[in-house]
Ligand SMILES: NC(=O)c1ccc[n+]([C@@H]2O[C@H](COP(=O)([O-])OP(=O)(O)OC[C@H]3O[C@@H](n4cnc5c(N)ncnc54)[C@H](O)[C@@H]3O)[C@@H](O)[C@H]2O)c1
Ligand SMILES: O=P(O)(O)OC[C@H](O)CO
């Protein structure tokens, strides 16, 4: 049974704002931290996050601040919702204000570019005093903010911590399952964004449903190959943070990664694509990390390699698809 909890959301992008709206509406006392004072003032005045979640009313009681200490003081649960690139620095900046009673829930999906670490590992390094959880699964901000029924999972090495967050965050429009397989959950969450880029490129090239089904099916095969090699469980890749998130990201027009893929498939450069999407496209950084991890672990990841070549080695997207199709015949 949920109790009123003080929740701080670090990051005022689309996902942080959507979660804050949902939790405030369902009885929690929520504050959003933004690194920009002008964003705080805009949201306070207009009760709308015009930049990242337009058209959604920010409910009464939801508050905003640009001060770190004020944001997390007294918070029992802290949601970290910044792009994966910013996770380390954000955790370092907040760490002096965090204590061991607080639970940190990371909702970013990606890998750290240079260290190739999972984001929970990065956060645990920077704020070792906190218990770290991960919230993942098929969940676009635009739908969660409008209370469209959604299922996600909450993962922690500590089953009791995951259970506590599950009880506090669940409501009839937002169902959470618990999971203790942090490796599987985080690898699924990160790698699905690479497959969403691939699905978008296929759509942008004018290919069809057959092609997308192939990308998704062979995509989950290579995602789980790497994830299992790194210590994750096969069943996690068959769950919400694997196939579930892959389905929503590869098929939805809400997906930033898929939309970026469509632009790339239509011939736009990476720089033009990122400028047009404006919001974070995590698959672009993740593909570099996944490409390196696959080599390190000696795991075959042909779709990931193809996306890396298209994004960073100037390979023609259509040629990349034809090359994938022309690989030597294999058993499934
Ligand atoms: N949008 C979704 O539907 C959704 C759903 C699930 C998970 N996620 C994940 O959540 C994370 C955030 O995504 P989003 O969609 O909210 O992104 P977004 O592009 O909508 O917003 C990013 C936010 O982070 C802030 N930011 C950027 N750089 C920063 C920095 N260096 N320090 C602090 N803040 C910084 C921006 O000002 C902005 O408020 C991503 O990892 C994404 O994959 C997003
Ligand atoms: O919009 P995307 O592609 O970053 O995906 C957002 C979420 O991860 C979907 O679950």
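Using N, Cα and C of the backbone, Cβ positions are placed for all residues, glycine too.
TrEMBL lists 14, 15, 35, 36, 52, 141, 256, 280, 282 as binding NADPH, and of 109, 117, 233, 315 the one it places in that same site is 109. Ligand 1 lies under 6 Å from the Cβ of the following recorded positions, listed in sequence order from 192, 255, 256, 280: 280. Residues from the binding-site residues list (35, 109, 141, 245, 255, 257) with a C-beta closer than 6 Å to any atom of ligand 2: 109, 245, 255, 257. Across the annotated binding residues for NADPH (14, 15, 35, 36, 52, 109, 141, 256, 280, 282), the two most widely spaced Cα atoms sit 23 Å apart.
In space, 256 is the closest of the recorded positions 192, 255, 256, 257 to residue 35 (NADPH binding site), judged by Cα positions. Take the CB of residue 52 (NADPH binding site) and look out to 10 A: across all protein chains shown you find 21 other CB atoms. In three-state terms derived from DSSP, residue 255 (sn-glycerol 3-phosphate binding site) belongs to neither a helical nor a strand segment and is classed as coil.
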